[in-house]
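Only one structure is covered here, and it is reproduced in the block below.
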Amino acid sequence: MNRRYVLSLSGALLASSCMTVLVAVPVARAQQASTAMTTAATSATAAPRQILLQQARFWLQQQQYDNARQALQNAERIAPNSPDVLEVLGEYQTAIGNREAAADTLRHLQQVAPGSAAAGNLNDLLSERAISQSDLSQIRSLAGSGQNAQAVAGYQKLFHGGKPPHSLAVEYYQTMAGVPAQWDQARAGLAGVVASNPQDYRAQLAFAQALTYNTSTRMEGLTRLKDLQSFRSQAPVEAAAAAQSYRQTLSWLPVNPETQPLMEQWLSAHPNDTALREHMLHPPGGPPDKAGLARQAGYQQLNAGRLAAAEQSFQSALQINSHDADSLGGMGLVSMRQGDTAEARRYFEEAMAADPKTADRWRPALAGMAVSGEYASVRQLIAAHQYTEAKQQLATLARQPGQYTGATLMLADLQRSTGQIAAAEQEYRGILSREPNNQLALMGLARVDMAQGNTAEARQLLSRVGPQYASQVGEIEVSGLMAAASQTSDSARKVSILREAMAQAPRDPWVRINLANALQQQGDVAEAGRVMQPILANPVTAQDRQAGILYTYGSGNDAMTRQLLAGLSPADYSPAIRSIAEEMEIKQDLASRLSMVSNPVPLIREALTQPDPTGARGVAVADLFRQRGDMVHARMALRIASTRTIDLSPDQRLSYATEYMKISNPVAAARLLAPLGDGTGSATGSALLPEQVQTLQQLRMGISVAQSDLLNQRGDQAQAYDHLAPALQADPEATSPKLALARLYNGHGKPGKALEIDLAVLRHNPQDLDARQAAVQAAVNSDHNSLATRLAMDGVQESPMDARAWLAMAVADQADGHGQRTIEDLRRAYDLRLQQVEGTRAASGAGAAQEDALAPPSTNPFRPRGYGHQTELGAPVTGGSYSAEAASPDTSDQMLSSIAGQIRTLRENLAPSIDGGLGFRSRSGEHGMGRLTEANIPIVGRLPLQAGASALTFSITPTMIWSGNLNTGSVYDVPRYGTMMGVQAYNQYDSYTNAGRDQQRIAAGTAEAGFAPDVQFGNSWVRADVGASPIGFPITNVLGGVEFSPRVGPVTFRVSAERRSITNSVLSYGGLRDTNYNSALGRYARQVYGQALSKQWGSEWGGVVTNHFHGQVEATLGNTILYGGGGYAIQTGKNVQRNSEREAGIGANTLVWHNANMLVRIGVSLTYFGYAKNEDFYTYGQGGYFSPQSYYAATVPVRYAGQHKRLDWDVTGSVGYQVFHEHSAPFFPTSSLLQSGANTIASNYSASATPAEYLSEETVNSAYYPGDSIAGLTGGFNARVGYRFTRNVRLDLSGRYQKAGNWTESGAMISAHYLIMDQ
């Protein structure tokens, strides 16, 4: 393990021994790194313009001109008149053959920056186009035949003795490098080309090859060639050539301790390379010193704590030379570390006998053997984490003669490593009071001061340390910087401190992983990958692999983690590494078995039957399902694991809680952590280790933020703040609680206050893209669009290679109504994220470059979801399969899925569309009256406006309705239709008197047809339309309405005013013509009653519209929606009695179950409405619509919705109970004359006729319809299923059934939706 995280044996032994014997203890900083890496996102913080221009040049080299143009346009948006931008613009124009445009760009560049290098380069490029291609081909032939000197002369002549054009510079200097006398000039020229464009892989290859030509730079060239091999996906030709050159260069090298590892590494990847193997066995300069190599490897392994490997290397050396004193002494040190004192003594004595001249090296080790047994016992206790017993034994040992200093130093080191800083400081000062210049005590006390932030005092102590400890002093200074970084939650400050530490210790893997961790927390994941690249690409030491394993594990890259574990000896496993190794083994075994079953539950239970003392097993099983998107079984695994034993260990609680946070269950995580208290042991009686306390604090902060966000989504900002307050107070510098507080203000309808907080965080750390995204959104929410645009532009300039910067830009552009620009922003974000994800996955595959695996996927278990999102369906996932194959990037990566969904939605919103369908509707009732059958063919066109934020919709709906045929022979039905009561009475009277007159005709039924036009405008908070009921119906009405629905946090207010047709019947929908109006009987009646009857009787009646005014409040509280509202309406129609309605309702529904692609909601609804008059009849003046005087209903609706691949569905069913009451109503409410006649007919026929012969007594009794009170069940269903054939074409089928009041209604429709956009 790292020598800076270990404990010394004793001061006396260390001072007198030639080699330090180290005691391995848990690596605190490494474990902290593993627990802190729970979030990731993409970022890069290089100069934006240069990065974009480098990209443009890269795409130009690949001849992908569209990509080059996009990168160049982005650079132009940042600095349109920058010389380097104009230079690349000219290169692009030249590449696509537009020489005139390139010449114009050159003239503009010479005006903007006369004499600049950019102008010169572009001028050279245009000049190169005038070069004779035949001369150039001849020169290239000379170079190809090995005549480099002549070729260089030809190039110089071609360039008129000047600088080569940019496009020919690489081949010119590459040829020059083959001329020994001109090699320095060639190297300088290639170095300049590479510096000007690092993305030029061809130049990188030429430069690396040229360096290998010279022995003084050969190793640097090898390093560059190895780096180039990692760019197989970006530059496959150059990567392959680099591999060939690397192999060739190996054959030029001598075989020595420096070069042998490189050759062995090549052979491990290319075991069939017999030529290189022969070169190693029989090098040109004679055989290598095999014994010396083995001995050197043994001491390196011993220093790294790899005892088994060191023993094997020393034994190999002794097989060659059994009297090798250094190897014998090395075996003695190995035996002493292993606790075998007798064997150690034998080896030391043999080493002293083999070479008396070096005997003094081993005598101090022999002298220390007297107490080594007791120290070995202490080491075993420490290895077993029995720190209390180890401290007691050291205190006893310190009281023995001559052991005070050594035992006290070891005790102080142990106290310091276990967090007892004050006690360690006291012990160090005790030693220094006796031995003021004890070097180890001075360094130990300096470490304490560094950890406490007393940098000045620590450096004063280190100034007293001798030069022989220079390396240790440097390590302590670096440790101090890392301690200072760990004590600040200011991410920008932390990164700055750790960069300073890495500058002092560039190869230290623990510095690198802490810096990478800090960069990830800041959002700079791409930069974090670059920081870790050297140790991941070429892990030299066990510590490199340990740090790499912790990094890749925290990044979720299991394949790379397994790859690094394969190269690490189990002897080098720390507790954290061992836990990771166990988790990888469990996941791999379970994944292979899951592919053979359909139900994973038995396998989960079986996997969790074994003991799980650290929590690694439960986490492994849960994480396997989490990575597959199966949160149901992930939660099940954690629930089983955390309830198998009552007394969970701190490691188990911390591990399970961390995994619960990854699956967004902060409540379960908080419940697991509650027994740990604050970690001091006051609640449990056992204090946690420092790294466990740090993990506990991080989890508690994440839980506070997550619970606050959940309550915020439910609209309970007060309780949300109560949860958040401890996190705000515990660390006032922490960013995530501040951003959560801003979200609370935003949820409370105060986006201005949220913006203030977001801007304050952003001012403190301008690189924090999470804060920048939040600020952009808050600025848009508070109608500060110009500020949002400025903030987003700054983010793009700061981090042009970070997807989140472009997502913020998309928010700003969409708010400004720039639809196409928004899509470009989102596509840019998608491409950046895809590059990262594909790079990560490619690296885990066979033969892929390890450097591409450095960028972890973006997963943030603490990130809140927006209001209302909990009711939406998730992106489709592959269900039912547990194969080990990886999903495609855009479906398995959360950020990619989100961006792809936004692009898809925005493209659809921006695309005009056409819908067409065929629908049928049937409503119960008597034939010829209440019964209604409808067929319609809606044709709808939609035109998006304002970047899809609003739309203009045009529709025309051909419609046919019919009521069936009236039963003309029914003495019950006929009188209740139109004015047929009088006709029936006349006909029966005529028949009774045998007058012989012609009987009046009775209407047999009604059918109507027409088309309904409509124009609608709508956006997120207002909708308005104007149209008409079907033109062609007897009565046509102008219709329309407007609705306002502003939203304040989780609360939506709806206010609407509308005029709509009542479509209960043919009468109410289209109106009816009274056939009696122009009949002989009708004309006779008007003659008799004159003007009085003409005013009360017309040829048509019906066509009822409701003029409705409604208000409603809706509140989204997490997964629950509450609503309540009421309204008032006035119903009018042609020759129909005016009516009025009041209505009110309240209800709620909540999400009761969901997974990645399905949901179930259940609710309750209470409804009331009542009309002033009962107009549910079909005589003249009645409206023909259900209008009870009071109606009450309580229903329970259940909704089931989901989607799978291209199919989606939505089914809602409800059942309830209704009670309604209808008053009696006159036959002819609008005509006193007709009603008077009805009264006369009713009284006469009721008294003198029998029902079989005349009008039904039941029908005409008092000429009033009777009232009624009814109670019973109500309910129905509404179902829709849709299938998307392509991105443009979608087909929907829907059906419904409803029973309410005194009617039932059913309907069905098939419709097609077509988006007018490119495939």
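Each residue, glycine too, has its Cβ placed from N, Cα and C.
Over in Swiss-Prot, the protein carries these features:
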type: COMPBIAS; residues: 841-855; note: compositional bias 'Low complexity'
type: REGION; residues: 841-890; note: region 'Disordered'
type: REPEAT; residues: 49-82; note: repeat 'TPR 1'
type: REPEAT; residues: 84-116; note: repeat 'TPR 2'
type: REPEAT; residues: 291-324; note: repeat 'TPR 3'
type: REPEAT; residues: 325-358; note: repeat 'TPR 4'
type: REPEAT; residues: 405-438; note: repeat 'TPR 5'
type: REPEAT; residues: 557-590; note: repeat 'TPR 6'
type: REPEAT; residues: 701-734; note: repeat 'TPR 7'
type: REPEAT; residues: 736-768; note: repeat 'TPR 8'
type: REPEAT; residues: 1059-1094; note: repeat 'TPR 9'
type: SIGNAL; residues: 1-46; note: signal peptide
Considering only Cβ pairs under 8 Å, which range in 84-116, 291-324, 325-358, 405-438, 701-734 makes the most contacts with the repeat 'TPR 6' (557-590)?
291-324
May I have the DSSP-based helix, strand and coil counts for the residues of the repeat 'TPR 2' (84-116)?
26 helix, 0 strand, 7 coil
Do any residues of this chain, six or more beyond the ends of the repeat 'TPR 3' (291-324), have a C-beta under 8 angstroms from a C-beta of it, and if so which?
1, 3, 22, 24, 257, 260, 330-331, 333-334, 337-338, 354-355, 541-543, 569, 571-572
Counts of helix, strand and coil residues, the repeat 'TPR 7' (701-734), according to DSSP:
27 helix, 0 strand, 7 coil
Average pLDDT across the repeat 'TPR 2' (84-116)?
83
